[in-house]
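Engineer: The structure is given below, and queries will be raised subsequently.
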Amino acid sequence: MAIRKKSTKSPPVLSHEFVLQNHADIVSCVAMVFLLGLMFEITAKASIIFVTLQYNVTLPATEEQATESVSLYYYGIKDLATVFFYMLVAIIIHAVIQEYMLDKINRRMHFSKTKHSKFNESGQLSAFYLFACVWGTFILISENYISDPTILWRAYPHNLMTFQMKFFYISQLAYWLHAFPELYFQKTKKEDIPRQLVYIGLYLFHIAGAYLLNLNHLGLVLLVLHYFVEFLFHISRLFYFSNEKYQKGFSLWAVLFVLGRLLTLILSVLTVGFGLARAENQKLDFSTGNFNVLAVRIAVLASICVTQAFMMWKFINFQLRRWREHSAFQAPAVKKKPTVTKGRSSKKGTENGVNGTLTSNVADSPRNKKEKSS
């Protein structure tokens with residue numbers, strides 16, 4: 001009874017456990033401060049920097065387009081404030097998914113601690129990957145990326161973005177930045193933190209690089225491709241936790257993972273190595289956002305190639321570990337067959353002894369006693 005009373009007792013205010021249990025409510029209050037600031041004229045100018053997208057430019061309508069004017073956006077230092085606000089939103093959404101979806105499933109399935117943490121990770125990431133993949137695909141279709149692939153490098157620099165494009169990148173940066181405090185909120189194990197930091201850092205590095213170097217068209221295509229493959233992996237792992245015999249999803253993911261790496265390299269080399277290399281304007285100009293110079297192109301291709309090689313190395317190690325576990329699981333089943341035959345033969349030998357030696361009962365049987373007396 002004493003243990004139950006301790007568990008129901010609320011922790012002290014602003015203590016370590018209090019922050020962990022109520023971090024979503026605390027973050028919600030901080031986000032509400034920015035939203036309430038929009039209601040007052042004094043604070044509206046400061047709050048609007050956090051809530052809405054900045055640096056918009058209105059372009060007049062052309063003859064080819066509609067009669068209405070078009071609003072486009074470019075990036076700037078104020079985007080950091082917007083990323084911070086939507087990082088708070090990502091923390092709130094993370095807590096809602098955890099409490100109202102994943103925790104309920106965990107109570108029904110009764111997972112172990114190891115499976116519990118992996119299930120939560122795959123549940124959160126599969127929801128994010130699905131949403132981002134659908135959103136990114138919608139942008140690709142609406143802006144004719146699929147019908148005209150040359151848009152990846154044509155008219156570079158792509159310093160002006162549509163509302164959907166810029167909001168997509170702001171949301172991506174906000175989500176992966178929110179993953180850092182989630183390591184603390186979710187009580188991540190110390191041995192898992194380095195792995196988490198590596199892939200969070202890789203996401204932020206490549207997304208921010210595509211955003212700042214005005215390679216947002218190429219970055220969007222590669223993100224949608226990568227997110228689709230990762231969504232398939234995490235949704236397969238969710239099905240695997242519910243039924244350990246489920247392996248079809250992993251087999252399909254393994255094929256698509258390799259194809260995804262090849263497509264990433266092909267699109268990157270085609271866009272950066274050939275498309276931008278043949279462009280007329282190849283001068284470094286920070287005012288217009290033109291980074292189409294040889295050094296930048298080599299750095300971009302090198303970072304992409306190194307990342308793809310690192311992912312393939314992790315993938316090969318993952319597959320080897322799975323094959324070892326599968327072979328180790330089948331090995332005891334093969335070894336059990338000869339033990340059954342030995343057991344049958346040992347039953348026949350129990351009349352004379354155990355393991356080739358006479359027992360005391362056999363040695364002292366009446367027949368042996370008669371032979372001894374004679």
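Placed from the backbone N, Cα and C atoms, the Cβ positions cover glycine too.
Quantities reported herein were computed from a predicted structural model and do not represent experimental measurements.
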Engineer: State, for LYS248 and GLN330, whether Swiss-Prot gives them the same topological domain name and hence the same side of the membrane.
Structural biologist: yes
Engineer: When secondary structure is assigned with DSSP, how many helix, strand and coil residues does the topological domain 'Cytoplasmic' (181-192) contain?
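Structural biologist: Helix (H, G, I), strand (E, B), coil: 5 helix, 0 strand, 7 coil.
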Engineer: Could you tell me the mean pLDDT over the topological domain 'Lumenal' (143-159), as a whole number?
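Structural biologist: Summing pLDDT over the topological domain 'Lumenal' (143-159) and dividing by its length gives 88.
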Engineer: Using Cβ atoms and a strict cutoff of less than 8 Å, what residues sit near the transmembrane segment (77-97) while being 6 or more residues removed from its termini?
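Structural biologist: Beyond its ends, the transmembrane segment (77-97) has Cβ neighbours at 23-24, 27-28, 30-31, 34, 49-55, 123-124, 127, 170-171, 173-175, 177-178, 181-182, 185.
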